[in-house]
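Novice: Okay, handing you the structure first.
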Amino acid sequence: MTKTLPKDFIFGGATAAYQAEGATHTDGKGPVAWDKYLEDNYWYTAEPASDFYNRYPVDLKLSEEFGVNGIRISIAWSRIFPTGKGEVNPKGVEYYHNLFAECHKRHVEPFVTLHHFDTPEALHSDGDFLNRENIEHFVNYAEFCFKEFSEVNYWTTFNEIGPIGDGQYLVGKFPPGIQYDLAKVFQSHHNMMVSHARAVKLFKDSGYSGEIGVVHALPTKYPFDANNPDDVRAAELEDIIHNKFILDATYLGKYSDKTMEGVNHILEVNGGELDLREEDFAALDAAKDLNDFLGINYYMSDWMQAFDGETEIIHNGKGEKGSSKYQIKGVGRRKAPVDVPKTDWDWIIFPQGLYDQIMRVKADYPNYKKIYITENGLGYKDEFVDNTVYDGGRIDYVKKHLEVISDAISDGANVKGYFMWSLMDVFSWSNGYEKRYGLFYVDFETQERYPKKSAYWYKKVAETQVIE
């Protein structure tokens with residue numbers, strides 16, 4: 001049976017400042033930790049990315065032509081405050097006013113994120129969000145943006161608090177490149193959630209118009225053997241690290257006893273302790289019912305198996321299928337069922353996981369209000385032929401995920417939109433330019449845009465709300 005989506009459903013495309021804009025030192029932009037980190041550790045940099053800084057009118061015109069009626073944009077904190085605080089950079093402010101005006105001119109609603117992996121270098125090198133002073137700096141930056149950019153109707157505080165802690169302190173593929181420090185992971189999650197809560201409370205108390213929420217990456221975690229209590233426990237602990245800890249903070253305003261039992265076990269085995277203060281929980285509690293929406297980024301699920309050994313994580317950054325490894329002491333290891341498809345980067349393709357995650361939020365956090373799927377898409381080494389990309393695999397991937405969203409809506413979940421990652425090809429943080437996601441192919445040499453076959457398919461779905 002053909003499935004449909006509601007008439008008012010947003011069919012969006014997603015971007016991020018550092019992955020799309022380029023112009024990393026243009027017009028007074030301050031440095032971010034990624035600038036030097038990429039030069040020192042990778043085979044690419046964020047120049048020119050998709051040159052969105054100059055070419056946004058082209059991308060927004062294409063958006064309008066292809067039925068894309070929402071766009072995720074992030075503001076580069078260091079374009080507004082080059083050192084994260086103090087002096088404002090007027091050229092950065094002007095750029096975003098121009099960008100939002102172009103969005104509205106093209107009837108593409110901007111959903112604007114304040115922080116998408118790009119803390120200004122001056123603050124990042126001072127401990128980033130492990131340093132509590134950064135909470136104040138973020139709230140001040142947020143307040144400036146709320147006041148200044150009153151044309152924005154949809155705000156999100158952070159993109160993917162989970163993967164930031166994970167990338168910076170567990171996998172170690174984000175600056176500062178620290179590995180296997182679970183205490184830092186949880187402390188980063190916690191301090192960022194306090195920053196989120198403080199910004200949301202300020203937004204509501206100040207009476208700004210529009211809506212505000214947060215974007216969480218929520219990869220669903222399953223036990224490898226559902227009948228083995230040790231595998232079930234491994235999946236629960238892995239879920240706490242990546243999902244439950246931050247969801248509890250968002251919607252309960254505290255960490256449930258079960259969550260803290262898991263956190264304490266993980267830290268007992270791996271070492272370290274957390275600094276959780278009364279005023280933090282007061283801030284979390286004050287904001288727990290103020291979120292207007294939850295953004296869910298979903299790409300994959302994982303299966304967890306009980307494991308007794310040392311932590312070892314190998315990140316597959318070059319698309320060499322089967323090269324990744326993930327095992328955490330006292331938690332478990334990832335082990336996928338044989339029949340589940342994977343991408344070249346070992347990301348497991350499992351649309352049912354998105355349905356399960358939506359329904360989990362609905363069941364466990366009934367004060368969620370509404371959900372947008374703020375990122376979902378297929379990274380691929382696209383072949384450019386005949387001025388397009390025949391990306392049937394991507395169409396199939398998006399179609400199956402839209403179908404489970406339709407199912408979730410039928411089963412009572414309030415899901416209001418979907419943003420494909422990504423609108424156009426952008427550079428990927430730890431994979432460079434080979435891993436493409438866009439509806440529009442970008443020739444990074446010439447910066448020309450070419451619609452892929454998926455763009456034509458997406459346009460039809462957006463126009464008809466029929467998934468076929």
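For all residues, glycine too, the Cβ spot is worked out from N, Cα and C.
Here the structure is a predicted model, which means the values were calculated and not measured.
What Swiss-Prot lists as active site, proton donor is Glu160, and the listing cites sequence analysis. Marked as active site, nucleophile by Swiss-Prot on the basis of sequence analysis: Glu375. As annotated by Swiss-Prot, D-galactose 6-phosphate binding site applies to Gln19, His116, Asn159, Glu160, Asn297, Ser428, Trp429, Lys435, Tyr437, with the evidence given as sequence analysis.
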Novice: Distance check, please: Cα of the residue listed as 'active site, proton donor' against Cα of Trp429 (D-galactose 6-phosphate binding site), rounded to an integer number of angstrom.
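Specialist: About 13 Å separates the two Cα atoms.
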Novice: So which binding-site residues out of Gln19, Asn297, Trp429, Tyr437 end up within 10 angstroms of Glu375 (active site, nucleophile), measuring C-alpha to C-alpha?
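Specialist: Asn297, listed in sequence order.
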Novice: For Gln19 (D-galactose 6-phosphate binding site), what is the secondary structure state per DSSP, taken as helix, strand or coil?
Specialist: helix
Novice: Determine the C-alpha span of the D-galactose 6-phosphate site listed in the record, that is the greatest distance between any two of Gln19, His116, Asn159, Glu160, Asn297, Ser428, Trp429, Lys435, Tyr437, in Å to the nearest whole number.
Specialist: 20
Novice: Counting every protein chain present, what is the number of Cβ atoms, excluding its own, within 10 Å of the Cβ of the residue listed as 'active site, nucleophile'?
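Specialist: Excluding its own Cβ, the residue listed as 'active site, nucleophile' sees 24 Cβ atoms within 10 Å.
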Novice: Sort out the sequence-distant neighbours of Gln19 (D-galactose 6-phosphate binding site) for me: same chain, 6+ apart, CB within less than 8 Å of its CB, listed by position.
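Specialist: Same-chain residues close to Gln19 (D-galactose 6-phosphate binding site) (Cβ under 8 Å, separated by 6 or more) are Ala46, Ala49, Ser50, His116, Ser422, Val426, Phe427, Ser428, Trp429.
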Novice: Taking the Cβ of Asn297 (D-galactose 6-phosphate binding site) as the reference point, list residues of the same chain whose Cβ is under 8 angstroms away and which are at least six residues distant in sequence.
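Specialist: Listed in sequence order: Asn159, Glu160, Val215, His216, Ala217, Leu218, Ile373, Thr374, Glu375, Asn376, Trp421.
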Novice: Can you count the other CB atoms that lie within 10 A of the CB of Asn159 (D-galactose 6-phosphate binding site)?
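Specialist: Excluding its own Cβ, Asn159 (D-galactose 6-phosphate binding site) sees 25 Cβ atoms within 10 Å.
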Novice: Which residues does Tyr437 (D-galactose 6-phosphate binding site) neighbour through Cβ under 8 Å, counting only same-chain ones at least six apart?
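Specialist: Set apart from Tyr437 (D-galactose 6-phosphate binding site) by at least 6 residues yet with Cβ under 8 Å, we have Gly377, Leu378, Gly379, Tyr380, Met420, Trp421, Ser422, Asp425, Val426, Ser428.
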